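Here's what Swiss-Prot has on this protein:
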BINDING   Glu131, Glu160  Mg(2+) 1 binding site
BINDING   Glu160, Asp181, Leu183  Mg(2+) 2 binding site
BINDING   Asp181, Asp184, Glu355  Mg(2+) 3 binding site
BINDING   Asp184, Gly185, Ser186, Ser187, Asn287, Tyr319, Tyr337, Tyr339, Lys349  substrate binding site
DISULFID  Cys223-Cys228  disulfide bond
TRANSIT   1-49  transit peptide
Amino acid sequence: MAAATTTTSRPLLLSRQQAAASSLQCRLPRRPGSSLFAGQGQASTPNVRCMAVVDTASAPAPAAARKRSSYDMITLTTWLLKQEQEGVIDNEMTIVLSSISTACKQIASLVQRAPISNLTGVQGATNVQGEDQKKLDVISNEVFSNCLRWSGRTGVIASEEEDVPVAVEESYSGNYIVVFDPLDGSSNIDAAVSTGSIFGIYSPSDECHIGDDATLDEVTQMCIVNVCQPGSNLLAAGYCMYSSSVIFVLTIGTGVYVFTLDPMYGEFVLTQEKVQIPKSGKIYSFNEGNYALWDDKLKKYMDSLKEPGTSGKPYSARYIGSLVGDFHRTMLYGGIYGYPSDQKSKNGKLRLLYECAPMSFIAEQAGGKGSDGHQRVLDIMPTAVHQRVPLYVGSVEEVEKVEKFLSSE
């Protein structure tokens, strides 16, 4: 508050907020040899100079030190707009991610109502991998595809449930390429166990341009070229877990952020920032039912986890059977998730584009690691849209440990 000068004895009025934040010191200048007051009971009218002095004891606390209100929520939409304002992402990416979050909300509702709406059980068809499609697999794929098409910002979409990538109609077409598994762990639906959706976002490949006069076969080939990019090219990746809470995990290359769906407002709210995977952990997540089919080196690794070791305690086994659920626990608690190759699945079971690359990108952004047992997953150049690879992902020390066993003579 600037110094103020008055020439009358009129009182100086302050608002309650100003009065609480400051006190007034008034200095009355006197001429040499004169008294402050002239005569008895009669005040002179000297110039009065008043200055506000900040009372540090009663001043409000700085914003950083102020306790955050329980109603001061940062929604996914608000967070995305902030990233756009700061130049981290562009407007098109904001719209694509918002469309994906909308699809996840719809799928979450379908999953919760599946037994009521008779959406459990199989559809009666198989997907391109020869797997029986659940009813919710088909519906979730349609929901995801429609949300991405109507966003007007995607050029090519590739789903685990579709034979080939699909070019979005020109009237709705955009630039981004989105790969996704609409409902991971759908075999758990009938038992109401955690499921999830996984996605990754790429820019178009420089080698691929679809001309206006391209034939259907040419468009398909160009779509495949566009989609078959290494995970190191990912611009964003994430997953949504449908469990006791609906959790949306996202990275745009600046760390991992966790949003939780608030059923009261129907919005994803930021609940964790810059998540970091512990450097090591004492939890392993493998389907040990396939132990007899594993390589001897992998068997030795698994046996080592069950020995007391230096800590005096063996590792704990935790396996849900849903990649999203098992990975989310691994990310928070540390440890390792693995789905290796075996005699039955020579190249592993998980898809590189839709599952392994996005999860490995998230893991690395959280300070972890993703490997196929011999090399970084994000460095693998896809040779087919539905290519499968082994996956070991989680804490850096745990992934490096299994790599040492697999590379031993």
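For all residues, glycine too, the Cβ spot is worked out from N, Cα and C.
All features noted in Swiss-Prot, drawn onto the structure.
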| residue | record | Cβ contacts under 8 Å, 6 or more apart |
| --- | --- | --- |
| Asp181 | Mg(2+) 2 binding site | Ser159, Glu160, Ser197, Ile198, Phe199, Arg351, Tyr354, Glu355 |
| Leu183 | Mg(2+) 2 binding site | Ile107, Val111, Lys134, Leu136, Asp137, Ser140, Asn141, Ile189, Thr195, Gly196, Ser197 |
| Asp184 | Mg(2+) 3 binding site | Thr195, Gly196, Ser197, Ile198, Tyr239, Ser322, Leu323, Val324, Glu355 |
| Ser186 | substrate binding site | Lys134, Leu136, Asp137, Ser140, Thr195 |
| Cys228 | disulfide bond | Leu353, Met381, Pro382, Thr383, Ala384, Val385 |
| Asn287 | substrate binding site | Tyr319, Gly321, Tyr339 |
| Tyr337 | substrate binding site | Tyr284, Ser285, Phe286, Leu323, Asp326, Phe327, Thr330, Leu391, Tyr392, Val393, Gly394 |
| Lys349 | substrate binding site | Tyr339, Arg388 |
Non-site residues, in chain order, whose CB comes within 8 A of the mean position of the CB atoms of Glu160, Asp181, Leu183 at Mg(2+) 2 | Asp137, Ser140, Asn141, Ser159, Glu161, Phe180, Pro182, Asp184, Ser186, Ser197, Ile198, Tyr354, Glu355
Out of Glu160, Glu355, which of the binding-site residues has the smallest number of neighbouring Cβ atoms within 10 Å?
-> Glu160
Hey, what's the Cβ neighbour count for Cys223 (disulfide bond) at 10 Å?
-> 23
Using DSSP, would you call Asp184 (Mg(2+) 3 binding site) helix, strand or coil?
-> strand
According to DSSP, Glu160 (Mg(2+) 1 binding site) sits in coil
Helix, strand or coil at Glu355 (Mg(2+) 3 binding site) [DSSP, three-state] = helix
